[in-house]
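One structure is given below, encoded as C-alpha cells.
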C-alpha cells in the first residue's frame, strides 16, 4: 500500500468522526432553538449541519465513487477529488468561524446548549485542520502525477510526413 493510502485512510476516519460529532452537536443546538425559543436556529448552526453532511458524503465519494466510477486514474478524477477536498476546507472554515462569531455576540451563554455550541466550534475547527491536512496531501499527489499544477510542458510529438516524389507518379 502506498504512503498516500496509509496516510489518507486514517485521516478519512478522523474526518468522519469529527463530521458525526459536529452533526450531533449541531442537531442538538438546532433542536433546542426550534423547540425552546420563538426564533429559528441560527444560520451558522444550520451551515455546520450542512458542512458535516457534505463532509460525510464527500468521504464516501472520495473513497468509493470517484476511484471506481469517474474515470479512474485520469486527470479528471484528480481534479474532481481535489475540488471536493478543497470545498470541504472552505465549508469547515466558514462554519466554525461563523459560529464562533455568533457565540461571541451573545449577551449570555450558559447551560448545556451553550457548551454544546462551543464544543461544536472546537470540533469544527479540528475538522477544518484535518481537511487541510488531507487537502495538502491531495495537492501533492496531483502535482506529483502531473495533474493540476504541473509545470512540465510536454513537447508535441514530431510528425513524420512522407515525402512523395512527383516525378515517380
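For all residues, glycine too, the Cβ spot is worked out from N, Cα and C.
Whatever TrEMBL says is automated annotation, not expert-curated.
Note that the coordinates shown come from a computational prediction; the quantities given were computed from them, not determined experimentally.
Positions annotated as domain 'MARVEL' by TrEMBL: 8-134. Along the domain 'MARVEL' (8-134), the predicted structure has mean pLDDT 91.
If one looks beyond the transmembrane segment (12-33) by at least 6 residues along the same chain, the residues whose Cβ comes under 8 Å of a Cβ in the stretch are 39-42, 45-46, 48-49, 51-53, 55-56, 59, 62-63, 88, 95, 113, 116-117, 119-120, 123-124, 126-127, 130-131, 134. According to TrEMBL, the feature transmembrane segment maps to 12-33 (among others).
The list of residues near the transmembrane segment (45-66) in space but at least 6 beyond its ends in sequence, with Cβ under 8 angstroms from a Cβ of it, reads 9, 12, 15-16, 18-20, 22-23, 26-27, 29-30, 33, 77, 80-81, 84-85, 87-88, 91-92, 94-96, 98-99, 102, 117, 120, 124, 127, 131. The transmembrane segment annotation in TrEMBL covers 45-66 (among others).
Residues or ranges marked as transmembrane segment in TrEMBL: 78-102 (among others).
Counting only same-chain residues 6+ beyond the ends of the transmembrane segment (122-143), those with a CB under 8 A from a CB of the stretch are 4, 7-8, 11-12, 14-15, 18-19, 21-22, 25, 48, 51-52, 55, 78-79, 81-82, 85-86, 88-89, 92-93, 95-96, 99, 149-150. Among the features that TrEMBL reports, transmembrane segment is placed at 122-143 (among others).
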